[in-house]
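J.: The following block contains the structure, expressed as structure tokens.
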Amino acid sequence: MKPKLMYQELKVPAEEPANELPMNEIEAWKAAEKKARWVLLVLILAVVGFGALMTQLFLWEYGDLHLFGPNQRPAPCYDPCEAVLVESIPEGLDFPNASTGNPSTSQAWLGLLAGAHSSLDIASFYWTLTNNDTHTQEPSAQQGEEVLRQLQTLAPKGVNVRIAVSKPNGPQPQADLQALLQSGAQVRMVDMQKLTHGVLHTKFWVVDQTHFYLGSANMDWRSLTQVKELGVVMYNCSCLARDLTKIFEAYWFLGQAGSSIPSTWPRFYDTRYNQETPMEICLNGTPALAYLASAPPPLCPSGRTPDLKALLNVVDNARSFIYVAVMNYLPTLEFSHPHRFWPAIDDGLRRAAYERGVKVRLLISCWGHSEPSMRAFLLSLAALRDNHTHSDIQVKLFVVPADEAQARIPYARVNHNKYMVTERATYIGTSNWSGNYFTETAGTSLLVTQNGRGGLRSQLEAIFLRDWDSPYSHDLDTSADSVGNACRLL
């Protein structure tokens, strides 16, 4: 039971009147305070929003490359990558004393086609895989025709086949591409003439984003049996294959009607792997560093090393030797009018020989379509070999012999290689060594640094020395009569 409580109101002493502000001044002060708070809030939101916007723009332009500090590398690739050098040796070209026996390009291509399960992306210059394309009746075209037949079987089996090809500037056979379209393949023509005043000169395949071929061989039956070619097939190397797919995706985008080169490529095309941060891979059981370069520079999204920069880096880092095998060598912009001198590579080779004492060997192709002006530039390089300066540069011309029937095959019987090897690095590309191929024309290269003997680098060195020491290599002062009419540079 609660006790009965009595409540009594407390008497609060009266306060003395204070000096109060007039009501209009109080309201003015409150309004000013409220306005100041709103201004402060707006300023804070503006700063935060600006910071968020700049961060987004930063990431959009540079992708996630800048998540890595200057001394950090992307995570290594743990795929068991296997690299195999493949060659096309023209019929009748024999190396009786050579110990190197590499798989043929056609064997490699047919093997890749047989193993394709989900996708095949091909970047190509042109397509002439059959006798009908070249108006010939050559038995040696059989290998190219078989490649085309196998390509036509893929799309009906559920393989997504995409082909990016250079848009021709004039009449060019289209029967192969039409046959592939009818089989279910997708084809896009890239108008490099409109985009950069060049062509799509790239030659690579990507299979299931796991395996790839990259090299000098075109989609041409002659590239399998009548032209000397070199390339590399990478098996079980999805890290590199996916990165090569990014280069293909850029071509695929540019193959759309009305497309243009973006001023800034979207992040989708960016790469983490380049000259500064190459991919760490296990290649043929040995640690290696690798990355893919591309040309021309406008086709290089954030992170992608331009092809010329990659090539010059190999030259500049050589300390013992530089061996180069390439079809054309011209320190000019040969397809520009008027012609321009373009000494970027030439300067690098001369500097390597003169300043660092590097042994330089150039094996340049010579055939009926060689640019005559090459001879003067090659003689200039060879003239640096001198006992007083101790510069050691040698130049030879590689001539593929042809009998009467072989000589009638159009645009055949030539060494079409495009590679370089040093004591440190391997460079396998798709471009000739003259200016326009790096400034206007689309090309791709694979760069690998690997220590030790028995790796990709030493295998490529062995191929170069086999060719250099062969009876098909000739000094610049060789009599033209000794090689017949096959060479325009003697």
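Each residue's number is its place along the chain shown, starting with 1.
Quick reminder: no glycine exception, Cβ is built from N, Cα and C everywhere.
According to Swiss-Prot, the transmembrane segment annotation covers 39-59. What Swiss-Prot lists as topological domain 'Lumenal' is 60-490, and the listing cites similarity to another entry. Annotated disulfide bond per Swiss-Prot: C77-C239, C81-C237, C366-C487, in sequence order. Residues annotated as domain 'PLD phosphodiesterase 1' in Swiss-Prot: 196-223. Taken from Swiss-Prot, the feature active site applies to H201, K203, D208, supported by sequence analysis. The annotation domain 'PLD phosphodiesterase 2' is assigned in Swiss-Prot to 411-437 on the grounds of sequence analysis. Marked as active site, nucleophile by Swiss-Prot on the basis of similarity to another entry: H416. The feature Mg(2+) binding site is assigned by Swiss-Prot to F438, with similarity to another entry given as support.
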J.: Do you know the mean pLDDT across the topological domain 'Lumenal' (60-490)?
T.: 94
J.: How do the residues of the domain 'PLD phosphodiesterase 1' (196-223) split into helix, strand and coil according to DSSP?
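T.: Residue counts for the domain 'PLD phosphodiesterase 1' (196-223) by secondary structure: 3 helix, 12 strand, 13 coil.
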J.: Relative to the Cβ position of C487 (disulfide bond), how many further Cβ atoms are located within 10 Å?
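T.: Here the count is 20.
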J.: In the domain 'PLD phosphodiesterase 2' (411-437), how many residues does DSSP assign to helix, to strand and to coil?
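T.: In the domain 'PLD phosphodiesterase 2' (411-437), the DSSP-based counts are 2 helix, 13 strand, 12 coil.
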J.: Counting every protein chain present, what is the number of Cβ atoms, excluding its own, within 10 Å of the Cβ of C81 (disulfide bond)?
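T.: I get 24 for this one.
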J.: Near the residue listed as 'Mg(2+) binding site', how many other Cβ atoms are within 10 Å of its Cβ?
T.: 26
J.: To the nearest whole angstrom, state the Cα distance for the pair C239 (disulfide bond) and C81 (disulfide bond).
T.: 9
J.: Measuring Cα to Cα, how far is C77 (disulfide bond) from D208 (active site) in Å?
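T.: Each residue's Cα considered, C77 (disulfide bond) and D208 (active site) end up 17 Å apart.
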J.: Just the number: how many Å between the Cα atoms of H201 (active site) and the residue listed as 'Mg(2+) binding site'?
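T.: Cα-Cα distance, H201 (active site) to the residue listed as 'Mg(2+) binding site': 11 Å.
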J.: Using only C-alpha positions, which one of K203, D208, H416, F438 is spatially nearest C81 (disulfide bond)? These are the recorded positions in the record.
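T.: The answer is D208.
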J.: With an 8 Å cut-off on Cβ-Cβ distance and a minimum sequence separation of at least 6, pull the same-chain contacts of K203 (active site), or say none.
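T.: Long-range Cβ contacts: A123, S124, F125, L214, G215, S216, A217, N218, M219, G231, T430.
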J.: Report, in whole Å, the straight Cα-to-Cα distance of D208 (active site) from C237 (disulfide bond).
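T.: Cα of C237 (disulfide bond) to Cα of D208 (active site) measures 11 Å after rounding.
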J.: In Å, rounded, how far does the Cα of C487 (disulfide bond) sit from the Cα of H416 (active site, nucleophile)?
T.: 14
J.: Give the distance between the Cα atoms of F438 (Mg(2+) binding site) and H416 (active site, nucleophile), rounded to the nearest whole Å.
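T.: A Cα-Cα distance of 17 Å.
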J.: When you measure from the Cβ of C366 (disulfide bond), which residues in the chain that are at least 6 apart have a Cβ under 8 Å away?
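T.: Listed in sequence order, they are L397, F398, V399, H474, V483, A486, C487, R488, L489, L490.
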J.: Far apart in sequence but close in space: which same-chain residues, 6 or more away, have a Cβ under 8 Å from the residue listed as 'active site, nucleophile'?
T.: S216, A217, S223, V227, K228, E229, M327, S365
